[in-house]
């Protein structure tokens, strides 16, 4: 492992914190603070993502070694690593929250692979930093498993995301109050190694504008363009304008992907928005079970539902507006910023329409297809239909319906038998109209099935499935975590031997903590 090459441009090229103390404080005029991971008692590898390890240059023998667990548990460093925590702020639930920063995430370094790709390796749960505020800098096994699995699940679904290399248990208890209701309890501790080209967020830019530090703001903007958007050229004004436009475009495509797979992030604060258009910071996330566009998995958001499924594209645009506000002082004319925001809306509308058409098997979408799609979502919500299983069942619809009813064709997608029976005729009428319309565009049922199954996953990481793996791992059995890691690598392929993992949410999980609603406790 000592042959790995690190080139830590973030700390080499951006101003750092001159104060070496690892004490909670306001950090001014700096993009980062040097900080060492805090060692743990007994680092032990629980799981590793083999394709991420191979991408980074780690062999199976290396990932199985005690040295690997020590490094990625926070007890050792490799040559060339130069750990840091980043300074950023953010808008949380619509309100400016001031300095936030990496309170328990410590970046080890920027690894450059033999292919020339640059990957930042970041430990989450590696101990306190100057940005930890009142927290301990640690993470529990429960939330670490969720982040580890979801990072990889999203990648294999084709959704832009940070990756996860490893999950290491620490041997140390971490006290958390799961529901913030005054009942703290010790839980097993863990450290996840997250991997991305960059972990820079919208909030990294916001903090400097809020502090009127335009010098550091300009340095960060120009550094980000040079390192992470090297294809953008022109003079400084043109580069900055093109960069913001591309950030808007990437964010629009990210939102379309979330809507496609039924993913709800849960905490779309500006400090959780990647400048690269990646899904970042997996906390109280969830996938839709029954189709409910007003659903959010986050207990903190249960009343206002700011970050509900249907609202995510609008929130992303609001967050881009906050980013535009942050970088506006660098523009003599803010017209390019408004153009970028407009571009977000244009890109999202076109891509979202194409995505919806593809989910329903259409090659193109006109007024008739529009009406069918709108009616389908209304029925799915009214009848309490499982989002993921509905689209897979639709893809499996036979070439000829004959006299088959929607209940027969759709099968086990219903959560409420009474609602199913009440609306059976309406569902069948819709199904027949859809079958005629899609048949005009894709007359061959096998071709249609292949196309629909390519965009509608068979497997998504449902909260209740993840929670079962968490419960087992907490009791000392990591086999379910490792099984899920294998299954999620082929989310569009039917894996009959693992059919239990794609069952619609069981009734016992409807209101169970960790299965339906989650807090930010981690």
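Going from the start of the chain as shown, residues are counted 1 onward.
Glycine residues also receive a Cβ, built from the backbone N, Cα and C atoms like all the rest.
DSSP gives residue 101 (ATP binding site) a coil state; it is part of no helix or strand. For residue 101 (ATP binding site), applying a Cβ distance below 8 Å and a minimum sequence separation of six or more within one chain yields 27, 85, 86, 87, 88, 89, 129, 130, 131. What Swiss-Prot records for 101, 103, 104, 124, 136, 137, 194, 201, 281 is ATP binding site.
The secondary structure of residue 271 (active site, proton acceptor), as reduced to three states from DSSP, is helical. Sequence annotations record features per position, and here Swiss-Prot assigns active site, proton acceptor to 271 based on sequence analysis.
Neighbour count (other Cβ atoms within 10 Å of the Cβ, all protein chains): 22 for residue 272 (Mg(2+) binding site). Positions annotated as Mg(2+) binding site by Swiss-Prot: 272, 281.
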Cα-Cα distance linking residue 272 (Mg(2+) binding site) and residue 136 (ATP binding site), given in Å to the nearest integer: 20
Taking residues 101, 103, 104, 124, 136, 137, 194, 201, 281, which bind ATP in the record, the widest Cα spacing (Å, whole number): 22
Cα-to-Cα gap, residue 194 (ATP binding site) vs residue 272 (Mg(2+) binding site), nearest whole Å: 14
Rounded inter-Cα distance in Å - residue 272 (Mg(2+) binding site), residue 104 (ATP binding site): 14
Cα distance (Å, whole number) from residue 281 (ATP binding site) to residue 271 (active site, proton acceptor): 9
Fewest-neighbour residue among recorded positions, criterion Cβ within 10 Å, set 136, 271, 281: 136
For residue 104 (ATP binding site), the number of other Cβ atoms found within 10 Å of its own Cβ: 22
Other CB atoms, at most 10 A from the CB of residue 194 (ATP binding site): 23
